[in-house]
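One structure below.
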Amino acid sequence: MSIKSDKWIRRMAAEYDMISPFEPDLVRQVNGEKVISFGTSSYGYDIRCADEFKVFTNINSTMVDPKNFDEKCFVDVKGEYCIIPPNSFALARTVEYFRIPRNVLTVCLGKSTYARCGIVVNVTPFEPEWEGYVTLEFSNTTPLPAKIYANEGVAQVLFFESDEVCEVSYRDRGGKYMGQVGVTLPRS
């Protein structure tokens with residue numbers, strides 16, 4: 001299993017629509033304004049956060065239970081940025097829609113720009129033949145409010161191609177997050 005380069009990422013995006021919309025270069029400015037970079041890098045793809053967020057709140061005094069998740073735990077926010085309360089978190093989704101080939105697995109890591117501000121980005125691997133918008137989790141580990149910018153880079157996806165094709169893919173087993181759109185909450 002080896003990590004894939006910018007050349008491979010560009011080819012897969014063009015030939016297989018693996019990432020849509022796709023940015024073939026690393027973008028650092030938009031309309032003359034600095035942004036947190038996104039697009040194709042040397043050995044990965046920097047994904048963007050869309051403008052829809054679900055911010056964790058305790059106003060309804062509910063319990064967090066991954067097997068029986070209550071949507072009242074979140075407040076919906078839409079905009080150019082999202083403010084995450086101290087020691088809290090928010091969910092969002094990517095701008096990009098992914099279609100992962102059967103012989104590929106991805107690992108996603110948060111960008112250092114956010115990590116250096118105490119903001120942790122968590123994303124699980126994209127499994128073989130999974131497709132959809134990626135649900136992102138932002139944890140604000142600081143005692144201060146934290147800002148997340150929509151339509152700018154938040155994490156980097158690394159692509160690993162296997163030497164052999166898996167016997168059962170995410171699609172084959174009917175994975176519960178297949179084809180997800182919008183910000184997707186836990187499913188049991």
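Residue numbers in this text run from 1 along the chain shown.
Cβ from N, Cα, C; glycine included.
Among GLN29, GLN156, only GLN156 appears in Swiss-Prot as part of the dCTP site alongside LYS111, SER112, THR113, TYR114, ALA115, ARG116, THR135, LEU136, GLU137, TYR170, GLN180. Between LYS111 (dCTP binding site) and GLU137 (active site, proton donor/acceptor), the C-alpha separation comes to 13 Å. Across the fold, the C-alpha of THR113 (dCTP binding site) and the C-alpha of GLU137 (active site, proton donor/acceptor) stand 16 Å from each other. Within the same chain, residues at least 6 positions away in sequence whose Cβ sits under 8 Å from that of THR135 (dCTP binding site) are LEU91, ALA92, ARG93, VAL123, TYR177, GLN180, VAL183, THR184.
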